[in-house]
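Have a look at the structure below, then the notes.
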Amino acid sequence: MQFSPTNGDFTFVSSTDAEELSGTIDAPDITLNMGPDSTRDTYATTFLRQRGYGWLLEVEEDDAEDTKPLLEELDIDLKDIYYKIRCVLMPMPSLGFNRQVVRDNPDFWGPLAVVLLFSMISIYGQFRVVSWIITIWIFGSLTIFLLARVLGGEVSYGQVLGVIGYSLLPLIVIAPLLLVIGAFEVVSTLIKLFGVFWAAYSAASLLVGDEFKTKKPLLIYPIFLLYIYFLSLYTGV
């Protein structure tokens, strides 16, 4: 027995013995028309891939793990800066600080913050010299660096820049005292000398190593003069 459906899509053949079943289904080709834009995009994609430019079609997914905090992106370590500040303000070896980290692991943001703070304090003393402070820090450090290299020291400019910048902290500490006892000339002079010696010792003890041998005074003296000049920018004298 043969059944022929009216739609003509398939033919089903059956036998009375129900032993042999056979059938055929003819499906026409299916074409999806997504519009002219989709066809154009398909052609462009195929063209780029065939020419070896398939990488232009790749889309990178943002990885949440790659998102870092702002301080980490700027390479700012607040704990490291705080430790270096303590090393500069307390330069005595008996206190147990690893002061060599100020020289061996230099950074830029800590010294810059110290220099900017010193500049803000100097506004009270003499406003017109504030623009010179960062310039003196940069070029004064460059002078110390060149002198150290000539004398045989193994230091980099970044190390000198960081040490000179951090060592301005003693001058910042004595600034409020000078405001209070500025009328007492003798006491004020002693505090100024103490601040300069404090700053110069902190810097020189880090920059002047054993490699200088008998040449240490040749580097200590310019460092001392540099901090005298920094103090004069604050006091206006």
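Every residue, even glycine, has its Cβ placed from backbone N, Cα and C.
As given in TrEMBL:
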| type | residues | note |
| --- | --- | --- |
| DOMAIN | 97-232 | domain 'Yip1' |
| TRANSMEM | 108-125 | transmembrane segment |
| TRANSMEM | 131-151 | transmembrane segment |
| TRANSMEM | 163-184 | transmembrane segment |
| TRANSMEM | 190-209 | transmembrane segment |
| TRANSMEM | 218-236 | transmembrane segment |
Stretch with greatest number of CB pairs under 8 Å, the transmembrane segment (108-125) reference, 131-151, 163-184, 218-236 candidates: 163-184
Number of helical, extended and coil residues in the domain 'Yip1' (97-232), per DSSP: 114 helix, 0 strand, 22 coil
Confidence summary (mean pLDDT) of the domain 'Yip1' (97-232): 85
